[in-house]
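Asks: As annotated in Swiss-Prot:
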type: SIGNAL; residues: 1-21; note: signal peptide
type: BINDING; residues: 40-64; note: NADP(+) binding site
type: BINDING; residues: Ser172; note: substrate binding site
type: ACT_SITE; residues: Tyr185; note: active site, proton acceptor
Amino acid sequence: MKYLLDLILLLPLLIVFSIESLVKLFIPKKKKSVAGEIVLITGAGHGIGRLTAYEFAKLNTKLVLWDINKNGIEETAAKCRKLGAQAHPFVVDCSQREEIYSAAKKVKEEVGDVSILVNNAGVVYTADLFATQDPQIEKTFEVNVLAHFWTTKAFLPVMMKNNHGHIVTVASAAGHTVVPFLLAYCSSKFAAVGFHRALTDELAALGRTGVRTSCLCPNFINTGFIKNPSTNLGPTLEPEEVVEHLMHGILTEKQMIFVPSSIALLTVLERIVPERFLQVLKHRINVKFDAVVGYKDK
């Protein structure tokens, strides 16, 4: 009975906070300044990471750029410098924990304390479970989620000391709703979303509310990693559109960034509608892409 009473007493807060959220939809939140911040972006040698670096370069930040591809990261750094920013490229394999820690030490010594960390590096293998090799599964988790632990452990302490900073997790809509033939990828992105949510709550529990968190969850992006993607949710997203949403989310300190926003509705439906209806809905959404299928029906 006591718990029921406590729940009833919380209802006014639910109403107030719901109205507050509704009002915020129509009143744009002021964007914060990131001038002078040291921004580290993993996977900055191409795609979302590269375009995100360009946007931060326009905002008077100092950039630390990580990627496994030396040519790609140097091209990104050169463009960032043309945009007026200091850019420090590092060749780093984000699947290797000790390499991450070693590079983090160099960053602190040569550049300074990172105050905005964008965990963007990622890999994807489009295949069913049987066609996905064991090393590919390991690599998927090493890059897509374990690297987030290592980079955050390296750079978060100073942010917590200053009660100032921002940790950005680049995840995926596949971190909320599953897609066949992306088993390893979906699993790793669910873990990345969980990392973001758990870290957010942990920072709050420790009283470090000045360290903000954001998580990007887009639909299919036209970056070439997944071949011939299509879905009835809409056209394949262009990287520029996704980065525009990402930057807006970071600068307004939005915790969960869905692109398109309809993804948020789908994640809610998955939790409340009957499973049979959900299967019909997924059939109508009709997600397609080129994939390798190793299972043979004998």
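Using the three backbone atoms N, Cα and C, a Cβ is placed for every residue, glycine included.
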Asks: Could you give the Cα-Cα distance between Ala44 (NADP(+) binding site) and Ser172 (substrate binding site), in whole Å?
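Replies: Here the two Cα atoms lie 17 Å apart.
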Asks: Write down the Cα-Cα distance for the residue listed as 'substrate binding site' and Asn60 (NADP(+) binding site), rounded and given in Å.
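Replies: Between the alpha carbons of Asn60 (NADP(+) binding site) and the residue listed as 'substrate binding site' there are 28 Å.
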Asks: For Thr52 (NADP(+) binding site), which DSSP three-state class applies?
Replies: helix
Asks: Please report the Cα separation of the residue listed as 'active site, proton acceptor' and Ser172 (substrate binding site) in Å, rounded to an integer.
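Replies: It is 9 Å, counting Cα to Cα.
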Asks: For the binding-site residues Leu40, Ile48, which one has its C-beta crowded by the most other C-beta atoms within 10 angstroms?
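Replies: Of Leu40, Ile48, the one with the most crowded Cβ is Leu40.
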Asks: For the residue listed as 'substrate binding site', identify the closest of the binding-site residues Leu40, Thr52, Phe56, Val64, judging by Cα separation.
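Replies: Closest candidate to the residue listed as 'substrate binding site', judged by Cα separation, is Thr52.
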Asks: Report, as a single number, how many Cβ atoms besides its own are within 10 Å of the Cβ of Asn60 (NADP(+) binding site).
Replies: 14
